[in-house]
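**Q** Quick one: this structure, given as C-alpha cells, is what I'll be asking you about.
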C-alpha cells in the first residue's frame with residue numbers, strides 16, 4: 001500500500017542544517033495497521049509530514065521515496081499531492097481544534113473537503129455528512145453540522161475530524177498522535193473508533209504515537225524510531241515480546257505495567273467481569 | 001564552538017568571529033547599530049570642513065560643489081558640516097528621551113500589572129490622557145516653559161511614556177499568568193521580588209523593540225519641534241530647523257538645503273527601524 | 001501523625017461569568033513520609049486541590065491544616081515563611097522555570113528568600129550539592145533552562161522544591177509531559193529523595209500506572225469529588241467505583257494480547273458549572289439505575305480504609321446476598 005524507502009529530511013535552522021530523519025524505510029501492507037513509535041525528537045512526526053508534503057517551509061526531503069498506489073509521493077507536484085491527500089489518504093492530526101477551521105460551520109467544512117475532490121449537491125452532501133457523523137457516533141449530527149468547532153468537546157471534535165478524513169473513503173489513513181490531546185477515558189473511545197473505521201473499510205492505517213500501549217493493542221506492525229532513524233521494525237507480536245534492539249527493550253521496560261496488571265495479576269479481571 | 005577551542009585565537013579575533021556569526025543570524029540588528037554608531041561617532045569625532053555655527057557671508061546659497069559638497073544656505077553656513085554636527089544634539093536627545101520613557105514605563109507599568117481597582121482607574125485615566133493630540137500638548141508645554149533643550153526631553157516622554165506604560169503593563173499581565181510566576185510565589189517570593197526578578201527580565205525583549213521604534217519617533221518629534229522653531233536656539237544646527245530653513249528655499253530652486261538634513265533623518269529612522277525589526281525577529285525566533 | 005489535613009474543602013470560582021465548582025467536599029489527609037496520589041482527568045479539580053493544599057488558593061469553604069496550622073486563616077504575608085516547608089513541582093518543567101534566570105539562580109532562589117543569613121559562597125555550595133543530588137553537575141548551574149532537556153528541567157524543578165528541605169511537596173503531574181524513559185528515572189529520583197528525607201508527597205496525576213509505582217494511598221477524583229480512595233494496592237487490584245474501573249481499563253498494556261475488558265463511559269466529562277445534586281457519574285455510568293439520580297454522593301467503607309462513593313456499591317455492601325444473586 002505504502003512503501004517508504006531511504007526517506008531523509010533536513011531542517012534549516014539557526015545552528016545550520018539538521019538532519020531530522022535519516023534513511024527511514026518501512027512498509028504499510030494493505031489492510032494492516034502500522035504504528036510508528038518513538039519519543040520526543042525521534043522524527044516520527046517528521047516522517048509522516050515528509051510523506052504527506054506537509055513539512056514547514058524550512059524543512060525539505062533530500063532523499064528517498066514514498067511509493068503509494070504506483071506513484072512516488074515525494075516527487076509529485078503540489079497539485080497532484082493535494083489530489084491524493086484527502087481523497088486517497090485521510091489524515092487525522094493530534095489537535096482536532098487545530099485541524100478544524102474555527103470560523104466555518106462544520107457543514108461548510110464538509111462541503112470544502114468534498115468540493116476539493118468531487119462535486120455533489122448540497123442536499124446530497126448534507127445527507128452524506130449526517131450519515132458519516134452518525135457512523136462516528138456523533139450525537140445530534142444536525143446540530144453539530146450547523147455549529148462550530150469551539151462548541152464541541154475534544155472527543156467530539158476528533159470524531160468530526162475522523163469523519164472528514166474518511167469522507168472520500170481513502171484506502172490509507174494516517175493519524176498523528178490522534179488521542180494525545182484527549183482525556184484518558186475518551187482516548188480509548190477514539191482509538192476504538194479509528195480501529196473500527198479502518199477495519200470496516202478494509203483500509204490501511206499508519207499511526208504515529210509515543211504510547212507503546214496503543215501500538216501493542218491496535219497495530220499489526222511497528223516501526224521504532226530514535227533520533228531520526230528506524231531502530232527496529234517488524235510484527236508487533238514479535239517486536240514487543242522479543243525486542244532485538246537495545247533501545248526497544250529500554251523503551252518497553254520504561255513503561256510501567258497497566259495498573260490492572262501490576263503486582264497481583266490474578267485479581268485484576270474480577271472487578272470488571274463480576275459486574 | 002569546538003574548533004575555537006582547538007585553535008587558540010586572540011581575544012580580538014574572537015570578538016570579530018562573534019560579531020560575524022551574530023550578523024549572519026541577525027543582519028538587521030548589526031546593520032542598524034552600525035549605521036547609528038556611524039552617525040553618532042561622525043557627529044562627535046569627524047573633522048568638519050567648516051565651523052557649523054560660523055557663517056561665511058561670502059558664499060551664500062551655493063549649490064553642492066567641491067568646496068561645499070552639500071552646498072551652503074542663505075546665511076552662508078556649510079550644509080554638510082551642519083548636517084553632521086546636528087547629530088550631536090538630535091541623536092543623544094532622542095536616546096535620552098527614550099531611556100527616560102522606558103524607565104517611567106517600567107516603574108509605572110510593572111506595578112500596574114497587579115490587578116486592582118486602582119490600576120484599572122489609572123489605565124482609564126491614561127486612556128483619557130492619550131486621547132489628547134500629544135504632540136500639540138508637548139508643543140504647548142515646551143513653548144510655555146521656554147525654549148530649553150530639556151523641555152524637548154519632556155515632550156518626548158509625554159508622548160512615549162504612556163506607550164511604554166501600556167506595553168509593559170500588558171506584557172507583564174501576560175507573564176503574570178506564567179507557571180514560573182506561580183512557582184516563584186509558591187517559593188515564597190514577595191510581590192516586589194516577583195515583579196523585578198521574575199517579570200521585568202521577561203518584558204525587556206519587547207521593550208528593546210519598542211525602544212528602537214521610540215527613538216525613531218523621537219527623532220521625528222525633535223525634528224518637528226525644531227521645524228516649528230521650538231526647543232532650539234539658532235545657530236545651533238538641528239535637522240528639523242535645517243529642513244525648516246531649507247523648505248523656504250526649495251521654491252526658489254535651492255533644493256540642497258532641505259534635502260540633506262532630510263536624508264539624515266531618513267537614515268537615522270531607517271536604521272532604527274531595521275534594528276527594531278531585527279530584535280523583533282530574534283525575540284520571536286527564540 | 002498527619003502533616004496535612006484537608007477537611008470538607010469546597011472551591012467555587014467564576015470563569016467567564018459562570019460558576020465552576022472545582023472542588024466539592026473533599027477531605028484528605030497525608031501522613032508524614034507518605035505519598036498520597038490524587039487521580040483524575042482534566043476538570044476533576046485535582047490541580048485546584050493541589051493549589052489549595054499549597055495555600056496558593058483560599059478555598060470557598062473547608063479547612064486546610066498543615067502541621068497543625070490552619071492555612072485558610074493566614075494572610076499571604078503570614079503564609080510566606082511556611083513556604084519553605086511546603087513546596088511544589090509543576091507538570092510543565094520548562095514553563096515553571098524563569099527563562100531569563102540561570103539554573104543556579106533558580107535553585108538558589110528559595111535560599112535567598114528563606115535563608116538570607118547564608119553567604120553567597122554557602123549558597124553556591126548548597127546549590128551545587130543539590131544539582132549533584134538530582135543527577136546534574138555543577139556545570140549546569142550556569143546554563144539557561146532552554147538549553148536543557150525536559151528531564152533535566154524537571155530535575156531542576158525538583159531541586160528548587162527540595163532545597164529548603166520541605167516536609168510536604170505537591171507534585172502536580174511531574175512526569176506526564178516527559179518521555180517514558182525519562183519518566184521512570186525522575187520517579188526513581190523522587191522516591192529516593194523521599195526515603196532519604198522523609199518528605200511527604202501529594203502526587204497529582206491522571207495516570208494510574210505511574211501512581212501504582214509511587215503512592216501508598218490513592219484518591220480518585222471526578223468532577224471535584226473523591227469517588228474512591230484507599231491504599232493503592234487495594235484500589236488498583238480491587239477498584240469498586242465504575243469511574244475507577246473505567247479509568248483503569250483505559251490504560252493500554254504494552255503486552256500484546258493482554259487486554260482488559262473496556263468499561264466504557266458514555267460521552268465526556270461535563271462542565272462542573274453546577275454543584276452536584278446527584279451522583280457525579282450519573283449520565284455516563286455503565287451501571288446506573290434510576291435511583292442514582294437522587295442519590296447524594298458520599299463515601300462508604302467497602303474494605304479496610306477503602307472507601308467508595310457509589311450507591312450501587314453501598315447497597316451491595318449492605319445486602320450482599322440479594323444483589324449478588326441479581327448479577
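Each Cβ is built from the backbone N, Cα and C atoms, and glycine gets one as well.
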**Q** TrEMBL tags one of B:28-50, B:51-73 as transmembrane segment - which one?
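**A** TrEMBL lists transmembrane segment for residues B:28-50.
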**Q** Considering only the recorded stretches B:93-114, B:203-233, B:253-276, state which has the highest number of Cβ pairs under 8 Å to the transmembrane segment (B:28-50).
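**A** So the stretch in question is B:253-276.
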**Q** When you scan the chain for residues with a C-beta under 8 Å from the transmembrane segment (B:93-114), skipping those not six or more beyond its ends, what do you find?
**A** 122-123, 149, 152-153, 155-157, 160-161, 163-169, 172-173, 176, 191, 195-196, 199-200, 203, 207, 210-211, 214-215, 218-219, 221-222
**Q** Six or more residues beyond either end and a Cβ under 8 Å away: which residues meet both conditions relative to the transmembrane segment (B:253-276)?
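**A** Tertiary neighbours of the transmembrane segment (B:253-276) are 28-29, 31-33, 35-36, 39, 61, 63-64, 70-71, 73-74, 79-80, 82-83, 86-87, 90-91, 209-210, 212-213, 215-216, 219-220, 223, 239-240, 242-243, 245-247.
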**Q** Give residue numbers and ranges for long-range contacts of the transmembrane segment (B:203-233): same chain, 6 or more residues beyond its ends, CB-CB under 8 A.
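**A** Those are 32, 90-91, 93-95, 97-99, 101-102, 105-106, 110, 135, 138-139, 142-143, 147-149, 151-152, 155-156, 159-160, 163-164, 167-168, 171-172, 175, 239-241, 243-244, 265, 268-269, 272-273, 275-276, 279-280, 283, in sequence order.
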